[in-house]
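Feature list (source: TrEMBL):
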DOMAIN    2-375  domain 'Amino acid transporter transmembrane'
TRANSMEM  20-43  transmembrane segment
TRANSMEM  76-95  transmembrane segment
TRANSMEM  115-132  transmembrane segment
TRANSMEM  144-166  transmembrane segment
TRANSMEM  178-198  transmembrane segment
TRANSMEM  210-233  transmembrane segment
TRANSMEM  253-282  transmembrane segment
TRANSMEM  294-313  transmembrane segment
TRANSMEM  319-339  transmembrane segment
TRANSMEM  359-379  transmembrane segment
Amino acid sequence: LQGIFVLGLPYALLHSGYSGLFLLILAAALCCYTGKILIACLYEENEDGQLIRVRDTYEDIANACCKKLSPELGGIVVNVTQVMELIMTCILYLVVSGNLLSHSFPYIPVTEKTWSVIAFVTLLPCVFIKSLKTVSKLSQLCSLVHFIIIFVVMTYCLTQIDQWSWAKFRLSIEFEDFLVSVGVIIFSYTSQIFLPTLEGSMKNPEEFRYMLNWTHIFACVFKTTFALTAFLTWGEDTKEVITDNLPSFLQTIVNLCLLTKALLSYPLPFFAATEIVYACILKGNYSSYRSPRFALGVRGSFLLLTLLMAMFIPHFALLMGLTGSVTGAAMTFLLPCLFHLKLKWKNLCFLEKCADTSVFILGFLCSLAGIVCSIKGLLEIFG
């Protein structure tokens, strides 16, 4: 919940004004809600009224909803959507790594693509990751680096407190700029892809709802405080990535920390994507596919794929925005609400049905707006 998107939140406030503060709270509540209803779809009541976990993955939920149409249709759609989003996330981390290295060492005559290859070499050990425990340790380090970055930015902002002014907030906003802000804010909270695996790996799964509540509350407070502090410091001069506003003597240090964070963030989406693909392959029950060498080959192929796409995809930011508007909105808002309504319709009260429907409509509108803005940007570039 505290990804690189956090560094774009002050810029989102620049274009959304006071409504951005409300959106930061609303997005946390909505993402927390869809996370809960998604996990609820993993369970069914037995004859004694006890909840039993009858499904393990997002794919299982989708197959249960589409079994009348086709036993595996829902799972195929969900898996393709998940893998697309996860791979694009991995590619983004590689592109960001190359960009950060290029800006950190401008005196070295090396292109950004070459820097991306250098960053890729440090990620080769990812092919040996076999469990979520290893990923969680890397994520802990990632969180530590993240808080160092935030601490540096916040400390600098607090030294400029005498320049703060609420007059910097906008009352009137441009509609297209506002849509960009909505996308940045909402998708800075998304984590639904990982939740079924996370809940299934917990020592005490019954504490999942409490964990989700508190993490989203802390994330909301943290994001709002950080975005507000940074925006009040730079106002109209706030840049897309807030670290670009820092003085030059701090930028290099922060950029290297961001590089470390990007590299440590890579294993989680990479592991999730390869596990989905490997699980789909194993459904064929071919014994030859169960060998460690084959699993290593799958991970190695995915690793190489992310590098090649990072090297050769033009206008990656817009394509990432387009993919995120389709896959991100689908996995975060649309599918959880649809699945919950389908599987739990008889047990839902009127207010719960209204809540699911409202979140679905809101997610659809955000997705549609994001798609339109991304396609418009691509058309302008290709002229």
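Note: Cβ is positioned from N, Cα and C throughout, glycine not excepted.
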Chain residues in Cβ proximity to the transmembrane segment (253-282) (below 8 Å; excluding those fewer than six residues from its ends, i.e. six or more beyond): 3-4, 7, 57, 59, 79, 82-83, 86-87, 89-90, 93-94, 96-97, 100-101, 103-104, 119, 122-123, 126, 129, 132, 134-135, 138-139, 141-142, 145-146, 148-149, 152-153, 193-194, 197, 243, 246, 289-290, 295, 298-299, 302-303, 306
Remote residues contacting the transmembrane segment (144-166) - C-beta distance under 8 A, at least 6 residues beyond either end: 2, 6-7, 222, 226, 229-230, 232-233, 235, 242-243, 246-247, 250, 253-254, 257-258, 260-261, 264
Contact call for the transmembrane segment (115-132) and the transmembrane segment (294-313): at least 3 Cβ pairs under 8 Å, seq gap 6+: yes
Stretch contact, the transmembrane segment (76-95) with the transmembrane segment (359-379), Cβ-Cβ under 8 Å, 3+ pairs: no
